[in-house]
Ligand code: ADP
């Protein structure tokens, strides 16, 4: 029986509002497909922790829940997608987040001579998201998990990121998955929905 684990290449984007479970599902899927999960938020946090120049630039935006400027983010993603471990694919988590980043991702992939296989959108209603984010704030203590910053990030998602799905839908790339339920339940739902897009 064929399964998504048999896919030769897998170039994927995972989208969804804060708290929808993107990071968790991206990590599980990355393991299953044996491609790296690339989270722009994680790269920024690692740089902030490491005290790099990129980290110092990013922190002034991440701490407020604002997007880091496209020039910085785009260069970082271009660099990461050029690495050797990405040759069979990747799962991009947290990018693209606005229309300019969609254009840039197309340009980066075009330069590499590859294209996306699918864009996964994990959905969940705002009440569920807020409940999950409140739990995460207690567990992880992220600097940007204050009530005010969470609200700002959800607003930016709704205004700038959620509308991007229609562009991907018109390219027949969009795979919508209900993010409510147990982690393994969502993972198998996602795998089944993704199957027709991978070969
Ligand atoms: P969340 O999705 O919970 O907001 P992330 O870990 O994806 O968390 O991102 C954390 C922060 O990193 C964002 O609030 C933003 O400041 C910055 N960031 C991540 N990805 C991008 C991006 N594609 N463009 C601009 N800023 C980004």
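Any Cβ shown, glycine's included, is placed from N, Cα and C.
TrEMBL lists 40, 45, 66, 67, 68, 94, 95, 96, 97, 101, 142 as AMP-binding residues, and of the candidates 11, 126, 132, 153 the one it assigns to that same site is 153.
With 19, 20, 21, 22, 23, 24, 136 listed by TrEMBL as binding ATP, the candidate from 55, 65, 181 annotated for that site turns out to be 181.
In terms of local Cβ density within 10 Å, 22 ranks first among the binding-site residues 22, 97, 136, 142. For the region 'NMP' (39-68), the DSSP-based tally of helix, strand and coil residues reads 21 helix, 1 strand, 8 coil. Closest to residue 136 (ATP binding site) in space, going by CA atoms and restricting to the binding-site residues 66, 68, 97, is 66. DSSP assigns residue 19 (ATP binding site) to coil, not to a helix or a strand. For the ATP site listed in the record, the two most distant Cα atoms among 19, 20, 21, 22, 23, 24, 136, 181 lie 16 Å apart.
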